[in-house]
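TrEMBL lists G15, L16, G17, T18, M19, G20, N38, R39, T40, V81, P82, A83, N109 with the feature NADP(+) binding site. Here TrEMBL flags N109, S131, G132, G133, H188, N189, Y193, K263, R290, R446, H452 as substrate binding site. Annotated domain '6-phosphogluconate dehydrogenase C-terminal' per TrEMBL: 181-469, in sequence order. Feature annotation from TrEMBL assigns active site, proton acceptor to K185. The active site, proton donor annotation in TrEMBL covers E192.
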Amino acid sequence: MRDPAIGHSDIGLIGLGTMGAMLALNIAEKGFAISVYNRTASVTDEFVTQAGDLAARITPTKEFAALVGSIARPRKIILMVPAGPVVDQQIAELTPFLEDGDIIIDAGNANFHDTERRAAEVPGFIGIGVSGGAEGARHGPSIMGGGSLKAWSLVAPVLEAIAARYDGQPCASWMGPGGAGHFVKTVHNGIEYADMQLIAEAYGVMRDGMGMTSAGIAPVFEGWNAGRLRSYLIEISAQIAAAQDAESGASMLDVILDRAGQKGTGRWTAIEAQHLGAPIPVIEAAVAARNISAKLEERHAGQARFGASPKALPEGALTLEDLESALIAGKIICYAQGFDLLNAASGAFDWGLTMPAIAEVWRAGCIIRSAMLDDMAAALREAPARNLMQAPVFAGLLRTHEAGLRKTASVAMTHGLPVPALTAALAYFDMMRTARGTANMIQAQRDFFGEHGFERLDRAGSGFHGDWG
Ligand SMILES: NC(=O)C1=CN([C@@H]2O[C@H](COP(=O)(O)OP(=O)(O)OC[C@H]3O[C@@H](n4cnc5c(N)ncnc54)[C@H](OP(=O)(O)O)[C@@H]3O)[C@@H](O)[C@H]2O)C=CC1
Ligand SMILES: O=C(CO)[C@H](O)[C@H](O)COP(=O)(O)O
């Protein structure tokens, strides 16, 4: 261990929780000297004790003065604490010890509006999104940089060294100024919510519709993971389905309460999409599904009043191939919506987001990493602003798998199996291929009750009115 009074460390880190501890070990393992600080000092001691050989590159500190003093100038200090007021509080306590040119990096899941504000208020502040959970943080996360490019380039050598790699390329890139990095991470999480909900719906169809046990479902996910759906989330779903509760011996899934938690990033994605007028119904359905899952008492009351929906599917009504197709189509549609939102935000906030770079940074390390992301990166390189459903490779896949999505959605709905994300995907797909929609009725109604005016099919211009009598 080094003398904390001498500024030798390459970087500092505040917050040795699940993510911070793993990031710190990852940084030390890549050969960087790192100073660490945690609010609860005993956690710092325990962390260093458990760091093994890596402790030689770790300087534990118990005060901000010591932390700052132990880092080489210009100091780079990562914050890995809960999003919100804690970040502001840490910045306020830290800044008196800092000098011009020092950099604070908020690596938590901040709301990008907070990041924009902090970047404007605090010199040298940047916000970055980090994904991959504890395992990713330890062995290679995906990092979505944001804020001042100059500040990013000073911390990039460390972040690129610790990031996951895809084809030798680090999954760590600067996305854009201000809150761009945190916005991209937020949309990543929105897509994560949707991916997870789609998988949960497929699980529900297998469990309640097809009467399959968790042990029977595990190899199905495993099989899907060898095909088009290859992804981290399908891979862990197979492992989850196979897992047993050590206490009861029952399937792990069968002992977990069906009430989903959330920290807010999915909700922020939906809120920003509404502000930007970007349609992301699959992600919105996933957020709503978590909210509905939280209404445990009401759901029990609903079952008591209306009776449980029938759920069991007649033999042969749906195949596992149909379900796999539904997930493939649903996933493509969901990502098309996510990138549409990113394009809308990039334009609205003048960030100049590079769509293929976002897909590339998501190819490894992050929670939504999947085989499809490389094809998405290629499609976005060809046409960054094109809806992904229009890219030849995905248009082809949608043609192949549309029938499975339609069949799954309709059979599930008929038998009372809730599949809100799958049906949202199908409705979006159908609306997005309808040249003549039904909004003429909306326009007529708006004009009828509020004289809002409409456009006509047979002539140019706007502000036409109907003779509604
Ligand atoms: N867990 C995950 O999979 C991921 C999390 N993130 C984000 O990373 C950030 C950290 O998450 P995670 O590591 O899971 O969180 P943890 O709860 O595991 O750790 C939180 C850390 O913040 C410190 N902390 C909490 N409150 C305060 C406070 N009021 N003042 C000072 N320090 C405080 C804790 O210190 P103490 O020991 O004293 O409590 C601890 O070091 C969050 O923004 C989260 O959203 C991002 C990607 C993935
Ligand atoms: O950022 C993450 C993964 O990418 C975190 O695990 C985050 O906590 C997940 O969101 P939520 O807790 O709302 O499910």
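Including glycine, each Cβ sits where the backbone N, Cα and C put it.
Those TrEMBL annotations? Automatic predictions, nothing curated.
Here the features listed in TrEMBL are painted onto the structure.
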{"residue": "G15", "record": "NADP(+) binding site", "Cβ contacts under 8 Å, 6 or more apart": "N38, R39, L79, M80, V81, G108"}
{"residue": "G17", "record": "NADP(+) binding site", "Cβ contacts under 8 Å, 6 or more apart": "N38, M80, V81"}
{"residue": "N109", "record": "NADP(+) binding site", "Cβ contacts under 8 Å, 6 or more apart": "A83, G129, H182, K185, T186, N189, K263, G264, T265"}
{"residue": "G132", "record": "substrate binding site", "Cβ contacts under 8 Å, 6 or more apart": "G140, P141, S142, A164, G365, C366, I367"}
{"residue": "H188", "record": "substrate binding site", "Cβ contacts under 8 Å, 6 or more apart": "G129, S131, S142, M144, W362, C366, I367, I368"}
{"residue": "E192", "record": "active site, proton donor", "Cβ contacts under 8 Å, 6 or more apart": "L233, G266, I367, I368"}
{"residue": "Y193", "record": "substrate binding site", "Cβ contacts under 8 Å, 6 or more apart": "Q262, T265, G266, T269, I283, A286, V287, R290"}
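Around the Cβ of P82 (NADP(+) binding site), a 10 Å sphere holds 13 further Cβ atoms from the protein chains shown.
Annotation: K185 carries the greatest number of neighbouring Cβ atoms among the recorded positions K185, R290, H452 [cut-off 10 Å, Cβ to Cβ]. T40 (NADP(+) binding site) and H452 (substrate binding site) have their C-alpha atoms 60 Å apart, to the nearest angstrom. Candidate recorded positions: K185, E192, Y193, R290, H452. Not one of them has a Cβ under 6 Å from ligand 1.
Residues near M19 (NADP(+) binding site) in space but far in sequence (CB under 8 A, at least 6 apart, same chain), listed by position: M80, A107, G108, V130, G133, A134, A137.
Between the alpha carbons (Cα) of H452 (substrate binding site) and P82 (NADP(+) binding site) lies a span of roughly 46 Å. Within the set of binding-site residues (N38, T40), the lowest number of other Cβ atoms found within 10 Å of a Cβ is recorded at T40. Less than 6 Å separates the Cβ from ligand 2 in the case of N109, drawn from the recorded positions G15, G17, M19, N109, G132, K185 in sequence order. Following the DSSP three-state reduction, the secondary structure of G17 (NADP(+) binding site) is coil.
Site extent for substrate: among the recorded binding residues N109, S131, G132, G133, H188, N189, Y193, K263, R290, R446, H452, the largest C-alpha separation is 49 Å.
According to DSSP, P82 (NADP(+) binding site) sits in a coil region rather than a helix or strand. Mean model confidence for the domain '6-phosphogluconate dehydrogenase C-terminal' (181-469) is a pLDDT of 98. Taken over all pairs of the listed NADP(+)-binding residues (G15, L16, G17, T18, M19, G20, N38, R39, T40, V81, P82, A83, N109), the Cα spread reaches a maximum of 21 Å, rounded to the nearest whole number.
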